[in-house]
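Input: a single structure, listed below in structure tokens.
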């Protein structure tokens, strides 16, 4: 098959088109599929010989365009050009004319003399196939300058094939009278003609052009090349042909014979309109100087009456490749045509150079396109151009569209300089760091996000991310870094890290203003009872108040802060003391700190039999941070085994030296049960208060601190407030933290309603919109709008703090994430905490943070005071959470909802039990671990050979030996085998186990290299519940 020849190679060799080669193959009966098909050498020779003979050139090649010669005024022989051009035998019919007139038009066109074609060689093979056989080479570009005159199609020659129509359309050199029919002159350069011919020409040529494509292969070739100029007489009737559809989509219809177009001139016009190429060609005379084949214009006028009546002045475009030399397309509307005619008149007197410039300027105009005859575009490109021109009907659209596009381009260019500036914002901190001569010092106050750290270090976020990436930590811009990781990054970037001194939580706040100095009056002291758990704080307070609060407390421990008033007779006067009772459990650190912050005097209670304990030292640190005087009450001196002197010694070691030892710390030995020395304690409190000269201004809006708060199902949010300055009255508008409220009612610690509360008064307040946070400060405002604005600002700040806290839960550190957490095996336990008061919720959350969370992480979805409601149950069911109720109850329907949805609700009244159960639940989430449990040991005393190996005669040293248990054989301290014990016999009987002190035979299938003295360790693997690693 290597000697076979491809058809396109033959076409290239012969200098012809593939289509011509395919036609020859079809004529010779040579089978083929496409131009890439192969044929035998013999068949190739036949094709070459056939191609070398004169052949009919089909008008399907639109790309070959003979160039017009502006100088030639005489007819030129269209020998090859004629063949190359598609002879468009279209009889232009202005109006529906009878078939006889169409036939007459066809005869006139055929008999029409063409002075330009005397040299043409044309031979008519028949009426059906009247096509011209050109003897010249197949390439039609040989005679580009020769512009064939417009060929007139012969109706008789019209056939279904466009080739036959093209052949028949080519007029013979017979000198038929031109007056009978307006002949479409070849490319007549009628630029010299007056402005009138151009005006009429576009009108008359449009119908003719539109008709021309229909009869002969209009579809095969967009003959835009030739520009035919019609006589003025023919052009005048043309204005009637105005609205042929310009859409090029109708071009495929021209395949129909010429007779069909003659039958309906209107339909022909519609078909012709899609071919904007024809219209462009007809405008040629005014725009391009084309050689005039027929110099006498009067001849054209007599042609009309002789050959065709005025009703049918449609010029017959014999030559299919009529170039749209004057592509002055007449639009469908009459107004557009008038505008085009005016434009033609203005351009008629311009020079050739001006025409070229105007053509470039008017490319966007669909109306006029001036083409220079010397610059002839290819037929394909011209066809595409003409197809696009009619689509842009509004002449102003293209130009109006282009300027905005051009204007849009500079805009992005102008914006581009801004983008670098925007992107430079990321690197701006670096530049600022370089320009600032400040020291590279980072004040690290806690965990930071990557973005915040980059801003403080004045570097780009990408620099931080890159530095961490090299450390093996992948972070995002919003991820939170712990202090150690942020410190390492800062040091690597050359910064010195400093940490601010931690401000104590119990630091006392100043509530007096300068304007209060002139209105100060003495106020009662606020005394906070502090100490370790079970040292008798509440019992001591009950003994002072003559109450029994301690007996009503769950578990006998205080788990909430309380405020009480006590009236004492001192030096013949009634003196009031406000006591704050704080819990002693380690989880209630915040409560103790809050009590120390608002107190005036701290009473440190220490049990004489227990001495100084951790919470004693913590309370001491809070009191010192608040810089308040300390009074030590050594309690339980009546208890056997009490050692008050040892307690004083311990306190002295921590900086509290008793007054009797030469110190400045008052110490009173008391007994709450026997009420011993209680008066001495109260007297000491009042003496210290007098020394401190406690004062306040009662004639100002109240200010103070929220001691405790809770949600009451009947009364709503209830807050215990300590008024530290000013006077609080019913009806006042106040802001407590971020909560707005109006005082609806006030009650003291005994439940009596009050209308006002002065300085150092502890009251329960009703009327707040929400439950405030314990420890928040409150202030009364005269303007409610101002109060609401302040509350909203604080609420927004609180939301941001919560968001920061949520980010902290996703913080990244180098050592806090365990390997299992990195592998996605970190367990999570979701919790919903409901307590009686807000302080208890805070204490529980603080205690949860102390639990180890490297393998099981605790997520507190909600922690708030109040009852357990159905909403809480729904949240727990949706998030698979556990509800922890602390000293609270169920709302109506909540317990039933929890049972229906299977929500686990745990109720507690002692914080110890809550934390113990929570730790157990966390351990339950851990996967149990397998541990080795030893069973016994045996020593090999004798090796007994058997047929299948050897058996170890052993003596059980300790424990027991079980069959199928795991064994480890040690020889001189090294393990020589580890596997399973398969056979265990005592004498000749199989036994399940052998106890210590007995002999037995041990056999293992996969091991028989026993030696005397080997030690056999018997053990088993058991699963054991894991416990949380210490934090």
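The backbone N, Cα and C atoms fix where each Cβ goes, and this holds for glycine too.
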Range annotated as region 'G3' in Swiss-Prot, from 573-576, 577-580, 581-584, 585-588: 581-584
388-436, 437-485 - the range that Swiss-Prot marks as region 'Disordered': 388-436
Which listed span Swiss-Prot calls region 'G1', if the choices are 531-538, 539-546, 547-554: 531-538
Per-region confidence, the region 'G4' (635-638) (mean pLDDT, whole number): 85
Helix, strand and coil totals (DSSP H, G, I; E, B; other) for the region 'G1' (531-538): 2 helix, 1 strand, 5 coil
Neighbour count (Cβ, 10 Å) for residue 534 (GTP binding site): 18
Secondary structure composition of the region 'G4' (635-638) [DSSP: H/G/I, E/B, coil]: 0 helix, 1 strand, 3 coil
DSSP-derived structure type at residue 582 (GTP binding site), helix or strand or else coil: coil
